[in-house]
Structures are given as structure tokens and as C-alpha cells.
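Report on the following structure.
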Amino acid sequence: MAVVPRRGRDQFAILVLALCWGLNWPAVRTALFELPPWTLRALGMGAGCLFLFAIVCLRGQRLTLMRRDVLPVLAGGALTITAFNLLLAFAQLTAPTSRAVIVTFTMPVWTVIFARIFLGERLDGRRKLALVFGIAGLICLGWPLIVSGTFSYGLLLALLAGMAWALGTIVIKRFPVSTPPMTAVAWQLGAGALVAAIGMVVFEPHVLRDGIDWFNLQERTWIALGYHIVFSQALAYLIWYNLLARLPAGVLSLSTLMVPAIGVISSILLLGEQPTMSDFAGLVLMTAAAGSVMMPPSTRSRVSASASAQSGKA
């Protein structure tokens, strides 16, 4: 049986990740029609946490965090999971989903910039090209907002969510942990679920008082909630942290520029949102950004890197 090269496996994992998170946008918006935001996030992160812990148990892996990993795991999770999920739930209540996707995905641009500042990651030609394509794509998709001056409260929350994700990615990359990724993600989802549950008690007391009429929820709500828990929360975060351990933060974040393209298209198809020419132009540019960062280095780059390595050994 042929062995798939590491690069090929990583590229396939990035594509799966993009699909998981891209389709999650209309799934969350669908669930929010019947479930309040704090409740939805408490359910989603809580179930995702239990799902991952169950897999950890079945595999016989470590269930607890190593002592030195507690702070970096929880700090990274507070930004990339808790803040990101909660901010986006409220963003989607007050802004069109396709537009929330666009604004949120300034996060790869922020991550590349933060990685250069805090991690010293070099901006090679591919990353610079991808960065240019990504910024151009975001501008094209956001052009209606710029000309109409409709940058709403919800879109501000989406922007903050993107920045929180970028900062969390830098924390995770700056302070690597020894705890297995699945265990770390389970704890991060659990911490996020706890925060969301507290918010549910404080801001949505009617849910505790009256409960949720689960039997009368629409079928699409059940499907959306199930997708959100299994694919967006459990599987996607696991893939993300496994990739982050091997790939530069900037490269991985730019590769996920495919997510808004999938998110916008799926919002059009599943939520009935209407695209514009600027939407299509932006999607093309952001796909080009993802392709730029995923394509293999040029022969010249590989030769230069090899020469540098050999000179370093001398």
C-alpha cells in the first residue's frame, strides 16, 4: 500500500478543516432561530467536550492536563474557543451570516502579522503573495459595507472574534504543550462550556425556568446542532491543533482562508442570501490566497534552503 506523503496528508486535513468550519456558519445561524446564544454555545462546547473525552478514554490516553500545560492550554482556549464562539453567536444574531464570515476572516491576516511580530516567523514569497490575495479578497467581499457605511455592532463583534482567534493561535504556538491535542481541546471546550453556562444562568434564566421544548424543535435545528457539535467543535478543533504543532501559524491561518469562501457559498445555498459581484470576486481572491500558501515551494527556494542548511552545518 502506498504511503501518503506528510504534506499531502496535511493539505487534505486543511481541506477537511475548511469544510467543517465553513459549513458551520449556516448551521449555527439555523440553530439560533430556535436556541438562544448562550444556551447554544453551552450545549455545543459541552457536548464537544464530552465527545472528545469519550474518544480519549477509548484510546486509553491521558485525561488530565500536565501541570505546566494548564495555563497555556486554558489561555489559548479562552481566546480561540470561548471568546471566538461566544462573540460569533451574537454577531450572527445582528448581522448577515455571509458578512459575518467575511469580517471574521480577517483573522488569518492578523495571525500572519502577529506571528511575524511575536514569533519572528519570516514572510517568504508565498506568504506575502497569499497575504496580498487574502487582503484583496476581504476588501472585495466587504466592499458593500465600506460604500454603504453599514459596519454594524454585529460586524464589530465578528472583527473582535477574528482578533481573539489570532491572538490565541499565537499563544498556542508560543507556548507549546506536552498534553495530547485531543485532551487539551477537550479541556478547552469544557472551560468554554462552563463560561457559556454561567452566561446562560445570568442572561437566559428563562431557559432554566421553562426549559427547552426539545420534541418540538424543527428537524433542521437538530441537524444543525448535531453538525455543530460533532464536526465544528470536536473534529475541527482536533485537526487544527494537530496541524498547528507541525505547520507555521501564519501558513496554517492563511490556508483557512478557504473557510469564508465555503461559508459564504453555503449561506447562499442554505440560508437564501443573495451574492453580489464583489462577493464572487472576493471568493476567487481568497481561494487564490489559500492556493498560494498550500502550493509547494519553488525549486529555487528548496535549493536555497538546502544550501543554507549545509552552510549551517559547516
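Cβ atoms here come from the backbone N, Cα and C positions, even for glycine.
Taken from TrEMBL, the feature transmembrane segment covers 12-32, 38-58, 70-91, 97-117, 129-147, 153-172, 184-203, 223-244, 251-271. Taken from TrEMBL, the feature domain 'EamA' covers 12-141, 153-290.
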* Contact yes or no, the transmembrane segment (153-172) and the transmembrane segment (12-32), 3+ Cβ pairs under 8 Å, gap 6+ -> no
* Asked: Along the domain 'EamA' (153-290), what average pLDDT does this model show?
  -> 86
* Asked: Considering only Cβ pairs under 8 Å, which range in 97-117, 184-203, 223-244, 251-271 makes the most contacts with the transmembrane segment (129-147)?
  -> 97-117
* To do: Determine which recorded stretch among 38-58, 70-91, 97-117 has the most C-beta pairs below 8 angstroms with the transmembrane segment (251-271).
  => 97-117
* Does the transmembrane segment (38-58) reach the transmembrane segment (97-117), going by 3 or more CB pairs under 8 Å (6 or more apart in sequence)? -> no
* Is the transmembrane segment (184-203) in contact with the transmembrane segment (12-32), using three or more Cβ pairs under 8 angstroms as the rule and ignoring pairs under 6 apart in sequence? -> no
* Asked: Under a Cβ pair cut-off of under 8 Å, which of the recorded stretches 97-117, 184-203, 223-244 contacts the transmembrane segment (70-91) most often?
  -> 184-203
* Asked: So, by DSSP, how many helix, strand and coil residues make up the domain 'EamA' (153-290)?
  -> 115 helix, 0 strand, 23 coil
